[in-house]
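Here is what TrEMBL records for this protein:
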type	residues	note
DOMAIN	103-258	domain 'Sodium/calcium exchanger membrane region'
DOMAIN	294-436	domain 'Sodium/calcium exchanger membrane region'
TRANSMEM	167-190	transmembrane segment
TRANSMEM	202-222	transmembrane segment
TRANSMEM	237-256	transmembrane segment
TRANSMEM	295-313	transmembrane segment
TRANSMEM	325-342	transmembrane segment
TRANSMEM	362-385	transmembrane segment
TRANSMEM	391-412	transmembrane segment
TRANSMEM	419-438	transmembrane segment
């Protein structure tokens, strides 16, 4: 009995402990019942709603304000060249208060310089979100926006010769000066090795440039040999027909580049980037502003360049007379150097980073776009305006372009570059600049350019 009693007490105690543990579990279950969960979730949601409702108006405005301030600081105050930006409003002020066309032209030129460079910067930031191929196309397009805007304003007032010379100067500047500086600076930084680039891109662009020379050569020869079937009409008709063909060829080139043969345009350093150092360097690069900020800044810079271009074109004739400098030299040398500031900065920067394919795409791609799109586009726009813009750039200018294309194609045929090649291209550009300084444009000597300019301003 004692044993049974003892066992009964033990079993009763064990049952009591089990009942106690089950009661604890029950209590725990009661603590986490659905009603409590719903109540907690409701209280959490109400707290988050209160915090969001209390912080959204103030915090949202503060975030937007900080974002705008950061974007302005990054784009406007991060480059020393932007110290020239106040010269733009100063040019407008001088134009309104005085009649010194030389000063207005000079100040407008200085004011456009940082805008063209910042236009290239915004395009480069946008290229982070579009890929290398589209990015190179965007660089070439917005890099040439300054020249195209100046050309449209000049066409509007009938300054056909200024349009022809400025577009020609843009091609010469990109092929000789921009590419030469890129080869030279990249060769100095990487002097222990020979930089390489894709020969496929160089061959295609050289072919397009030779096609553009063909389009410019025939109207000039037709005019110089006096072999037109209809005097004064055949040359213009041939120019308009050739311009449409060149625009069609450029459209086919874009399809070829972006769709059909996309692999040919992948940079060499991206194809063979197997080493860890290069991949680490590529990973370190990141956009400094967002995609929409890049688009907004592109619109702002383009609009401001358009305003200053109007004053720039308005004072070309006066600046030529005040400085005793030929209009051909101003149009071929001075205007493209300012307009190509974006290409200068981008091409040199990428060459120093050993990304020579991108530098080649910016410099040669920009020349291709001006010759195959910019010039024919201006002919078509002049056709719509009733302006007799043609492809007859005169023999001296066309011969200069032809020789330049041959020289550059010769330098690009090996697919390698060094600082000596860059130096040769820069020296060739100096020869071209000296030639246009002593060249007397026949259209400006007989007063046609001055008469056209005066009539155009009177119409406006």
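Residue 1 is the first one shown; counting continues down the chain.
Using N, Cα and C of the backbone, Cβ positions are placed for all residues, glycine too.
The transmembrane segment (237-256) and the transmembrane segment (419-438) are not in contact, since fewer than 3 Cβ pairs between them lie under 8 Å (pairs 6 or more apart in sequence). The DSSP breakdown of the domain 'Sodium/calcium exchanger membrane region' (294-436) into helical (H, G, I), extended (E, B) and coil residues amounts to 120 helix, 2 strand, 21 coil.
Looking at which of 167-190, 362-385, 391-412, 419-438 has the most CB pairs under 8 Å to the transmembrane segment (325-342), the answer is the stretch 167-190.
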